[in-house]
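Positions annotated as domain 'Cadherin' by TrEMBL: 21-127, 128-236, 237-341, 342-445, 446-555, 570-665. Taken from TrEMBL, the feature signal peptide applies to 1-20. According to TrEMBL, the feature transmembrane segment maps to 682-705.
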Amino acid sequence: LDLRKRQVLIFLVLLGLSRADTESAHYSVAEETEIGSFVANLARDLGLGVEELSSREARVVSDDNKKYLHLDLLTGDLLLNEKLDRDELCGSTEPCVLHFQVVLENPLQFFRVELHVKDINDHSPTFLDKEILIKISEGTTIGTTFLMESAQDLDVGSNSLQNYTISPNSHFHIKIPDSSDRKIYPELVLDRALDYEQEAELRLTLTALDGGSPPKSGTTLVLIKVLDINDNAPEFPQSLYEVQVPEDRPIGSWIVTISAKDLDAGNYGKISYTFFHASEDIRKTFEINPISGEVNLRSPLDFEVIQSYTINIQATDGGGLSGKCTLLVKVMDINDNPPEVTISSITKRIPENASETLVALFSVVDQDSGDNGRMICSIQDNLPFFLKPTFKNFFTLVSEKALDRESQAEYNITITVTDLGTPRLKTEYNITVLVSDVNDNAPAFTRTSYTLFVRENNSPALHIGSVSATDRDSGTNAQVTYSLLPSQDPHLPLASLVSINADNGHLFALRSLDYEALQGFEFRVGAADRGSPALSSEALVRVLVLDANDNSPFVLYPLQNGSAPCTELVPRAAEPGYLVTKVVAVDGDSGQNAWLSYQLLKATEPGLFGVWAHNGEVRTARLLSERDAAKHRLVVLVKDNGEPPRSATATLHVLLVDGFSQPYLPLPEAALAQAQNDSLTIYLVVALASVSSLFLLSVLLFVAVRLCRRSRAASVGRCSVPEGPFPGHLVDVSGTRTLSQSYQYEVCL
């Protein structure tokens, strides 16, 4: 046997299996009883309730799979489903018993039922030949018996053929000898010698009677021809011939040659061969050559129908004497019938979480015999199902374990039944089993986290992205519903920021977002199926707000608030590139939207000052001269790198001075007007200037002395920085509120 297949060996000769009930119920019914006639109350006889019969799906299964009986599940009555012809069902077999099984499920149980079909006298005896010809020599001695064709009666028992009579005459009577096969064969017995010259031919009527009440009869004509004396009858070398013929022998084939000898000469020595006491089946199946004695096949043989034929052969010479022998033809079985599979019940859909579920109940049968009728039953090797023998030739197909619809939703099972004949014949029966879904899979997101980008100033109800989850189940178990899970940040107003479409997972921004207020946020979404109980999963969603160029640059220094302008002092001795001041601006945006560039938009004297594009530093572009105006107004343009770009302007006032000791005085026109209003101020100024000059001279001398002393000790090229604070109006705008070191040294120089 193939180790890769799970095979179940069936021996049809088994009497039963362990799960079958060993008790049998016996019933009887007369043949030709009307359809629907009551046979027995099966529920009462089996000790079961009517409700139990219905709940356990009781049914009647016959061995030949024909529905002779019908079980009424409402009453438990066993009724005839069709008229039964005992002679057709059993032939000459007596008693005629039909075998059935009553099958109950949940649990599986079998009861054997035997139905005895009783014979009624519904057939009359019939002769196959309308005329029986007997040739009798006139020299035949009294008491000689002559074989005659027997009548056929399909009934059995007391209704079968019981007696023969012949019409009244003075020469013959009928004798019925004892027979080993208990059949009644008529023999014609000579009571008075025949005289060919007085009566060359006699016509008698042979009547066959059965034992019915009233009896039925059949007749045939017996034609007796008187012959001249013939004192030697044909003789066969042996009384019994046996021959074996395979059932597939073609029609017209030679079977055997039977030969007899007659010592007489002439016409009395000529022998003719015929069948006698032959049934209709024999006459249909075989034929004999009356001259040569060759027996040939007339119609196909079938071992499953008839296994052997007993043929009586009569050899008759020209004088009417005869001899007989018996030919036994044994039909040899060949493997010409494939196994048959009959499904009693089938379940085509089973739940995926159920184990050891009954899928099908079926029976197998092979009409052949011996090894040709022994069968092996199997299914594919890679399936979670197995075959289980139950009773006699019945099997159940059962699931081996719980199934997984998501792995495989459909199984195509092929039941293969193979006999052990040569060559082997097999039958395949395909069953498709669908696995029904249960909710055993939670929805799964395509990603554990999603990152969505939204540009600020978006329109409300804007679709910003989607989440997606799939469920391996089917039907309502796979229908996914999306929802927002409560935020873990109590300060995040999630309900006012986003919403989600419960059906398709689309996410929408509920209001306009501002990057400067909220750069991003995250939340969790859930996906739940509609199974019972419902299963769910969740995923993280990050929303990043993208910056838009919605903020113009803002100038921090110099202040542009409309107050008195701040004036920057520049000594006329400043070198080219001297740092006048630095324009400081910021942009509320980010990225390239906050990249600022500076350029000089307007100037009182073009070419005198320049602005560095990247840091906003205002520096002198060339040497200053006495001809340059003392007061200058510069307009600096600050522009970001957004699309479209936004800009702002800063206005600077620059005053050229000869030195930092010179105070920052009002304009000459204002001083003159003030002198005219108060002349005393002039004197105070003159006095203050004189005192200041003396003080300045003293300081310069002190400084010169200190410088000369330091120059001897220090390296050449070093410069002293004057001590003390700078004037208060010189303010740096870098954010530290102090001038840079480079700026201080430049002012010192």
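The backbone N, Cα and C atoms fix where each Cβ goes, glycine too.
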Mean per-residue pLDDT computed across the domain 'Cadherin' (128-236): 86
DSSP says what for the domain 'Cadherin' (446-555): how many helix, strand, coil residues? 8 helix, 49 strand, 53 coil
With DSSP, how much of the domain 'Cadherin' (342-445) is helix, how much strand and how much coil, in residues? 4 helix, 55 strand, 45 coil
In the domain 'Cadherin' (128-236), how many residues does DSSP put in helix, strand and coil? 3 helix, 47 strand, 59 coil
